[in-house]
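Working notes for the structure below.
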């Protein structure tokens, strides 16, 4: 089963491959393929984030500090790399105070043969984070003293004032190291900011020593001025060497929120616009599913994100009379969530082709050579043989275009198929299109989740069909000496009275039993009433969330017109929906506690 996302890493250095089953294969060369991006040939590592190996699992391979599982699908197919995981690495960390103290800095040690490790920190920063003595310097003049020596050294003892211990300096920025650590002053600009003006580079000269694995707790004194005995501080630095694994980041994170939101999104065509509710309804209706969630990613515009898949020659694509002919002319564009890697691309560039439609990274490329004036194929090399029959052989209107990309054509995709060109998909390409495309299918980017799994999501999900279980009135499930309210009601039944209505006809024991039963009835009625109020409170909370979400959506869509208030020019535009559900639940809990009677026994 192919994964949902295929990612790529471009290689510039090929490493020797050790084909030892069960051991890491350095470089993952068996998953490295020749690809074409425009006219540039590169070596690309192809892997799947989600993949189910139906063949033989061969072990793992390693590339760029990342470990991949390797699958042999069999039947002569190439190996598949999947399930990327960050390889364990060695890290040096500096903490303030203790091993569990604030992390001052960290660095990863790469197996590059270097015999030293460097970390940097700011003297003013460590003083403000963990000084054992009062810091008597806090002016900006102190923070900006970047032209003077910065000291950091073991103090004589924890009981001595810092200013009396400078003669026992072991590590400092103005003398040669006498131990396993060397300190170096980092020159900075005069207009530096707070906690960046007094930076020190701490170099670990022998990182392979066992002392770093257990950790070194170094008592350090710190001061800025090295010209005279001046104010200082006393802190502990804890330096430790760890082996740990960081999760592999698969997707780029926005470095600047404002940079991202200020980017203009392409205007979606009317045919591509869709509401999520309508799409979810269509999905449920088409797939005949119920009692599940239709889930998808964040939608930044008013169109649903789409996913693409290339149509392969061996795919069992149902050919009908309508699919053999081009689809009705349409200039609609579908914006794809991810880009795919094409195996049978068509590509052309040149002065005669002026309408760029997008670029694909391709394993195989049928391209138009403008210099030679003819269409050629290139795969692993420029001299590769073109596939036969052509991938377009099933479509008469496109088959001749595979061999003559420069020939005039309407470039309309067959019914049910699309031209996939990088991050866009088209029903019809422009007459003078330029770029690299494949023929394939697209579908909305969504997945289905059963209701039970939905309860594990991060945001609270309210199940309309599920109610809090309550104690039912059962018979014979109690111990002989236990009398909860339900058993009292079941045993005694309702009270009966004499025909003349005089209570004196009943014995005191009978009346006592009636009071006990009334007490039990009161508790059960209270619990049922409290349960009903809690349901109303939950419903009010859900309505409040829906109203806020709708208002947020309206303000987003009308952002250019200053939201709903600006659109309708409202002077008093307020939205206040207090969530009193928690208060109601607290009140009902007090009522239930007041009416509750513990299970009675014959002994009290």
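Note: Cβ is positioned from N, Cα and C throughout, glycine not excepted.
Taking Swiss-Prot as the reference, the stretch among 548-564, 582-598 described by the feature motif 'CKS-17' is residues 548-564.
Of the listed segments 535-544, 565-574, Swiss-Prot assigns motif 'CX6CC' to 565-574. Looking at 153-156, 157-160, 161-164, 165-168, the range annotated in Swiss-Prot as motif 'CXXC' turns out to be 165-168. Just so you know, the Cβ of residue 527 (N-linked glycosylation site) picks up 18 other Cβ atoms within 10 Å once every protein chain is counted. If you take the Cα of residue 399 (N-linked glycosylation site) and the Cα of residue 105 (N-linked glycosylation site), they are about 61 angstrom apart, rounded to a whole number. For the glycosylation sites 201, 316, counting C-beta atoms within 10 A of each C-beta gives the highest total at 201. Considering only the glycosylation sites 64, 105, 201, 369, 527, residue 316 (N-linked glycosylation site) has 369 as its nearest partner by CA-CA distance. Per-residue pLDDT, averaged across the motif 'CKS-17' (548-564), gives 67.
Of all Cβ atoms in the shown protein chains, 14 besides its own fall within 10 Å of the Cβ of residue 105 (N-linked glycosylation site).
Taking the Cα of residue 201 (N-linked glycosylation site) as the reference point, the closest of the glycosylation sites 64, 105, 369, 527 is 105.
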